[in-house]
Amino acid sequence: MSRPSSVSPRPPAPSGGGTGGGGGGSGGGGGGGGGGPASCGPGGGGRAKGLKDIRIDEEVKIAVNIALERFRYGDQREMEFPSSLTSTERAFIHRLSQSLGLVSKSKGKGANRYLTVKKKDGSETAHAMMTCNLTHNTKHAVRSLIQRFPVTNKERTELLPKTERGNVFAVEAENREMSKTSGRLNNGIPQVPVKRGESEFDSFRQSLPVFEKQEEIVKIIKENKVVLIVGETGSGKTTQIPQFLLDDCFKNGIPCRIFCTQPRRLAAIAVAERVAAERRERIGQTIGYQIRLESRVSPKTLLTFCTNGVLLRTLMAGDSTLSTVTHVIVDEVHERDRFSDFLLTKLRDLLQKHPTLKLILSSAALDVNLFIRYFGSCPVIYIQGRPFEVKEMFLEDILRTTGYTNKEMLKYKKEKQREEKQQTTLTEWYSAQENTFKPESQRQRAVASVSEEYDLLDDGGDAVFSQLTEKDVNCLEPWLIKEMDACLSDIWLHKDVDAFAQVFHLILTENVSVDYRHSETSATALMVAAGRGFTSQVEQLISMGANVHSKASNGWMALDWAKHFGQTEIVDLLESYSASLEFGNLDESSLVQTNGNDLSAEDRELLKAYHHSFDDEKVDLDLIMHLLYNICHSCDAGAILIFLPGYDEIVGLRDRILFDDKRFADNTHRYQVFMLHSNMQTSDQKKVLKNPPAGVRKIILSTNIAETSITVNDVVFVIDSGKVKEKSFDALNFVTMLKMVWISKASAIQRKGRAGRCRPGICFRLFSRLRFQNMLEFQTPELLRMPLQELCLHTKLLAPVNCTIADFLMKAPEPPPALIVRNAVQMLKTIDAMDAWEDLTELGYHLADLPVEPHLGKMVLCAVVLKCLDPILTIACTLAYRDPFVLPTQASQKRAAMLCRKRFTAGTFSDHMALLRAFQAWQKARSDGWERAFCEKNFLSQATMEIIIGMRTQLLGQLRASGFVRARGGGDIRDVNTNSENWAVVKAALVAGMYPNLVHVDRENVILTGPKEKKVRFHPTSVLSQPQYKKIPPANGQAAAIQALPTDWLIYDEMTRAHRIANIRCCSAVTPVTVLVFCGPARLASNALQEPSSFRADGIPNDSSDSEMEDRTTANLAALKLDEWLNFKLEPEAASLLLQLRQKWHSLFLRRMRAPSKPWSQVDEATIRAIIAVLSTEEQSAGLQQPSGIGQRPRPMSSEELPLASSWRSNNSRKSTADTEFADGSTTGERVLMKSPSPALHPPQKYKDRGILHPKRSTDDRSDQSSVKSTDSSSYPSPCASPSPPSSGKGSKSPSPRPNMPIRYFIMKSSNLRNLEISQQKGIWSTTPSNERKLNRAFWESSMVYLVFSVQGSGHFQGFSRMSSEIGREKSQDWGSAGLGGVFKVEWIRKESLPFQFAHHLLNPWNDNKKVQISRDGQELEPQVGEQLLQLWERLPLGEKTTSD
């Protein structure tokens, strides 16, 4: 692309924004695109010399942006720009197209030169040949299956693509019938309500602002079909409006039936209980609630509170479900969650069908005009609140009045003078660099303009911002500083690449920070490497944890250095890495610099110093603690409500208050700390509403749930972090992220309104006035920022039969873009949830029932059929929620965190394994009471783990409700976990769920390729990015990582794209056979398999190579085409066998989907056995590891322990007093007072195991335990160093058996059979003194100790017993052998002999994976193996003794 001389060079703006009015950076069509990398033009293959800024008129920039955005989301494949454009304007379009992932080309000459932009076509990517070589054993396993059970004609035809649409009505009726029991509201008839009872709340009700408008509200609802009610939070609208309707119907003798929806489960239960109490009724009579998997309703219930999701599921059973309903109230409409918008779309349609139905929308901060337009001029009732005055304090006021400062703010003030000097030196560096590096461009560029431009930024952006976490500069010895400075200067000024070796050496051996700054210029090694174009060193630095957001004294980040000096490859690399970091756009310092004119000089300086000291992306817990202390010591009594974005921050702040901050921890009797989160149990929430005892202050840590759903009347002080966690989704890249973003103005006003309910209050806002002015008016509707696959499934169940999904969603209050809907529908077709006519398949109906995204739902259902459910439940819930590994800020810790993640993978080339084993090790640490220390040590989030447990419980509950997991017999929890220990099988379920997220290894070019990507890289957080973890990562890290892969296929959870580079994270290496059997559609075209001869005759070109040599070798290979991209070349016999195995699997899967509860047939069992044999054999032949212990059942949590289904519970010794829900119902405040939990309040685990406590819990994992089996046997190996809990240092006597410890299993060897007979008669045993201490300790530390007996040389186990006393000093004369120690009591459970061959398959990881029978006396068994060994006795016919050999 020839660049005309009129394009004047100018460095990019430091934040990556474009120059001129366009702005907007290099990315997704903001208002410009000035900063993107220039393409090298269609002709030139070389790198662009420099990324010069392209200056064109702002109108052209904006017009081009709009045109390209429309094109991106539209149907056209190609778009042409007029030939009247100048070459500069064309250059701008080329660059912007490239940054948007489009292909642009210019054709023609002179005045006829025009430019076309095309969308990338998947087929464009040439890829390496996809092959699959089967081992002899694999072929044998498939042959045996096919000989015994050939693929039947019925199976074959069922798996052919449909040619015509089936009878939709019949299928739909059958499937709706099948799934209607789950999570629906029951069908009652309207009745006249009973008279309300008088209660203690009557006077309070009458004082509510809404009470005055009772008659007006009832009258307007009677006269209109739709009514909007806007009332300030706490005005009483949620609890009173449904009661006004009940009372009116009672008075006039009119039957009614009312549904009232809430956005959250917690609110639905809380409001229902409150309303029942106000009417002096028990919950479940007139007033009830229903949430997913839990309900309290009866035939008398006339007012049901439910979640939006439950009402939607009810409507999915058909429109007639509302025929007996008189009123539907949709509360908190302003939250605009996807279900409420979706519900309104459906309800608007239903209002025409049900003339008597009334719809009431209630909200605190409604975008009223939108809804008036949507429902066609309906009346609006406004209810004023009666709050007292609330004073506002913004960030600058807080800093000024409280005098808050921190080390970094002080340091910043000192650094300012130094910084000016650094800028001057930096400018000299640039000019020196340009003298040596770019003589030809030197004539055009005046160096002065560089410094002038950056002087405009006052004192140069976030210069000292990232030195803050580094103690290094002040602690380093002078020779180190001198040495580092010299190295960085040499690299920059003399292109001395060898100096990097010394830099890496100093970072690792002398503890110099990887973000060390050159003392005279403030440049880091990453900036210097980026500006100089040293790509592999940039990669190395990033993998060592270098901060890509660090800024030099002129405000430039490494990315700006790379752009300015024309290093396009590094620009791509840094942008792709930055794009994949989970941050919203929160930087406030730039705002202060640009718009801070109305700030006083003092406030401006304060804010600038603060923003230099703290990263806006996070929540400043230090500042919150400072404020808390100030409030508690200088303000009157009154509850404090603190709004935080998520559970992580809530737990972090709670721990500071209760344990870490001495000012509070030493005075816990003065505070009650409560936590509110939507996934939390209601018991804590009920206590929040009660007034605390005198002299005790209530501190409530909450997410945005306390904005509207829950009103706490005694709140006087609100601390608002200004943040919320929001899921956002890029529909074009299919990437979902949980981002922390700024709240909307409407939310900020709501939060302020929570103070001053009982007297004047204060709202402390941890953001500036300027930030507040720049906030969005209302939150973006979830419908516009969420992945729509789940919603499209629900649409099919709600929309009329012949209405397309897109047509139905276009009726929403703010419809999502058509392209996003189309992409979602296409994805559902790809994963077999829908057919070509957009009708749901059998799989689709089940996926609509599961509370996770469809691809994860498919993964879980495949795991049920493959019988490896537990590991997949854990992995699926983790992927659905978030990565439990936290990213530390310091570079040295980043490396340690990476190493920890790597240890959890156990050499399996799988990030998914790291997630699974981290969860298992955390559960083990939790049962041993040291999970907090464990999480800190392994860089894990305690909060995330607790949420994952609750999600598992909910998902398992849904599988039970749908009939996939039975209570007992075939299909019970044990049966669906038969293969959980086999990692190859677990990965098959992962592959089935992850498809089409696959990449292929091109060994020849050492790159990864995808269906639409020519080049894919591992994200630095993936363990696969650093195969052999070395202290210094290899220079060509990605290539080394690719070469180390044992197979040619990878699955990934998420791909982030930026420019020409795609990053994949959460990957696992899988075998080609897994891809061939589990990927692609279930229904393959009849010509999917092309035999070699026909392959030649058809003349289909071989796209893998042009060389004749290769043509000859592929000529005798068959082709098996699974989809447009997956096209395998393999031996004809292998192709035919694999196609048949695929057909057997898919027909089995289809049968299970049609009848989940039906018993398995012989064919089904044989198919699964063959698949497992094939997967295991191929996994072994690829040299992939099979770690032990992955199938361990998680520890069941008793009902008080489930964090989501119940109150939060932690066995951590430091925390348990703060957040254990004690059996005596004491409040949190009282709990805080107790320094240690009383043992009496924890019933011993033994009784729990016997089912005496909580005998029935349908959602719990434990309803399937036999007397022997105990799922408490989890004792997980912790892969990170020192798995044992930190010891107290002093030997302590154990007071009583610890309740929450795992069960232990030991082998007892006897020299003769007579001793065993004595033991069985008298119930006693003795062992050698060397075993005594071990057994005694196990007896005291665990809930149960099982002893498995074997007489040496007998070839049998002779039974097992339970140890029922500790070992005493008294010895027995009965034993014939000398050298035995004291006697202890045992309780024999099974006395039958079990031949060793029954246990051949059991290997003990705690004895070098030897078979269990090869054990010495006193050998401990790994708990899961012990449990499996005991279960073998269940298979022996009862009472029938096997004789010993």
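Positions of Cβ are set from backbone N, Cα and C atoms, glycine also.
Per Swiss-Prot, the features are:
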REGION    1-50  region 'Disordered'
COMPBIAS  15-48  compositional bias 'Gly residues'
DOMAIN    53-121  domain 'R3H'
MOTIF     331-334  motif 'DEAH box'
REPEAT    554-586  repeat 'ANK 2'
DOMAIN    627-799  domain 'Helicase C-terminal'
REGION    1179-1303  region 'Disordered'
DOMAIN    1303-1433  domain 'YTH'
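Within its own chain, the motif 'DEAH box' (331-334) has Cβ neighbours under 8 Å at 237-238, 260-263, 267, 340, 344, 361-367, 371, 708-709, 746, 778, counting only residues six or more beyond its boundaries. Residue counts of the domain 'R3H' (53-121) by helix, strand and coil are 32 helix, 16 strand, 21 coil (DSSP-based). Mean pLDDT, taken over the motif 'DEAH box' (331-334), works out to 86 on the 0 to 100 scale. DSSP states for the domain 'YTH' (1303-1433), grouped as helix (H, G, I), strand (E, B) and coil, give 41 helix, 40 strand, 50 coil. Taking DSSP states H, G and I as helix and E and B as strand, the motif 'DEAH box' (331-334) has 2 helix, 0 strand, 2 coil.
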